[in-house]
Amino acid sequence: MPYQPAHAPYDALLLLSFGGPEGPDDVVPFLENVTRGRGIPRERLKEVGQHYFLFGGVSPINDQNRALLAALREDFAAHGLDLPVYWGNRNWAPYLTDTLREMARAGHRRVLTLTTSAYASYSGCRQYRENLADALAALADEGLPLPRVDKLRHYFNHPGFVRPMVDATLEALARLPEDVRAGAHLAFTTHSIPTAAADTSGTPQDHGDGGAYVAEHLDVARTVADAVRAETGVDHPWQLVYQSRSGAPHIPWLEPDICDHLEEQHGKGVPAVVMVPIGFVSDHMEVKYDLDTEAAAKAAELGLPVTRAATVGADPRFAAAVRELVLERAASERGERPERCALGALGPSHDLCPVGCCPARAPRPAAAGADSPYA
Ligand SMILES: CC1=C(CCC(=O)O)c2cc3nc(cc4[nH]c(cc5[nH]c(cc1n2)c(C)c5CCC(=O)O)c(CCC(=O)O)c4C)C(CCC(=O)O)=C3C
Ligand SMILES: [Fe+2]
């Protein structure tokens, strides 16, 4: 048999992310890209623009992705995995289409995609698959050979994603004043989405109240809370709450919001809260503004001690998890039956999003799934 590298049949990894502005002049065009055709109220856009201007018009997300790229390349090199890693975004440079064009021109034919979104949802999964289909369509128009593009399974429950969150929660607990620590409540936070999108998230079998989106977050929250109890001997009460809501007020989104939750906990006499942003892969603007600025101000107003746990970011354990997921998927594609690590109760997610997974309101072509129009 001819020599096959451990990553065969894949010949490149693509880090696919959201993108963010890199200076004040980028903010408005970036927000136009994000909200094109999505009916976000103007008032909300002005508000979100202000969040970016408070930080010099720079989103932390791009530096977070540069750090993740470096961590992945270092981990791959240290483990003899000779797989080039590229980076493209949905909403800002480097744009996905430009990156995929560069990859096609470099001769890549089997591309595996890692998105910076760990859970099932339209925004975190199918929308990225639509972006891949759009990019492939653009390359086809240019007469370029199209690489086959796959997407890694959802990694929300992979130990390399969950264990850094356990340590980050322990570290955030340790930052609370000692007299309130044992009574601290854990508020696991994620991005709110419309309840209609939550209810249809995941595979058709997952559809129902909150769908896979809520079920996956609850599973991770429980795993982290259990691990914290095992470590500290303290049974901290916890709840899954939401942040960063947008959209029109009459459309229902997942609740409660973190700020309302802080008020409620304070009203119940809870002495301290640790905010654990399990929904986010890195400390980007949702974390820096909505938690560290807005929710922190609410807590200060209430006189409630709060700390915020770090996100996984470029943790070497996460980079190692990505390597394991790449090797696992490569083995699956070769027809082998690799071990598929997962913590919690849900088990490993599917490799290939089935038809009807996280549907869009207006159906559009999506690559890297069972309903992909591309091979
Ligand atoms: C589930 C989810 C994730 C987590 C999964 C993932 O990570 O992918 C996520 C991530 C992010 N969301 C981000 C930024 C924004 N999201 C918006 C709008 C929206 N997000 C939604 C959902 C999600 N979003 C939804 C249902 C909307 C409304 C409709 C729409 O447009 O789909 C808007 C428009 C204004 C506003 O409404 O806030 C902005 C500016 C950034 C960049 C941050 C930075 O710059 O550091 C990141 C990583
Ligand atoms: Fe999906």
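Here the Cβ of each residue, glycine as well, is placed from N, Cα and C on the backbone.
Curation plays no part in TrEMBL annotations; they are all automatic predictions.
According to TrEMBL, the protein carries these features:
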type    : residues   : note
BINDING : S59, Y128  : Fe-coproporphyrin III binding site
BINDING : H191, E286 : Fe(2+) binding site
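Structure with TrEMBL features highlighted.
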| residue | record | Cβ neighbours (10 Å) |
| --- | --- | --- |
| S59 | Fe-coproporphyrin III binding site | 25 |
| Y128 | Fe-coproporphyrin III binding site | 24 |
| H191 | Fe(2+) binding site | 23 |
| E286 | Fe(2+) binding site | 23 |
Where does E286 (Fe(2+) binding site) sit in DSSP terms: helix, strand, or coil? helix
Taking S59, Y128, H191 as the binding-site residues, the residues having C-beta under 6 A from ligand 1 are S59, H191
Could you say whether, by DSSP, S59 (Fe-coproporphyrin III binding site) belongs to a helix, a strand or a coil region? coil
Euclidean distance between Cα atoms of H191 (Fe(2+) binding site) and S59 (Fe-coproporphyrin III binding site), Å: 17
Please classify the secondary structure at Y128 (Fe-coproporphyrin III binding site) using three-state DSSP. helix
Cα of H191 (Fe(2+) binding site) to Cα of Y128 (Fe-coproporphyrin III binding site), in Å and rounded, measures 16
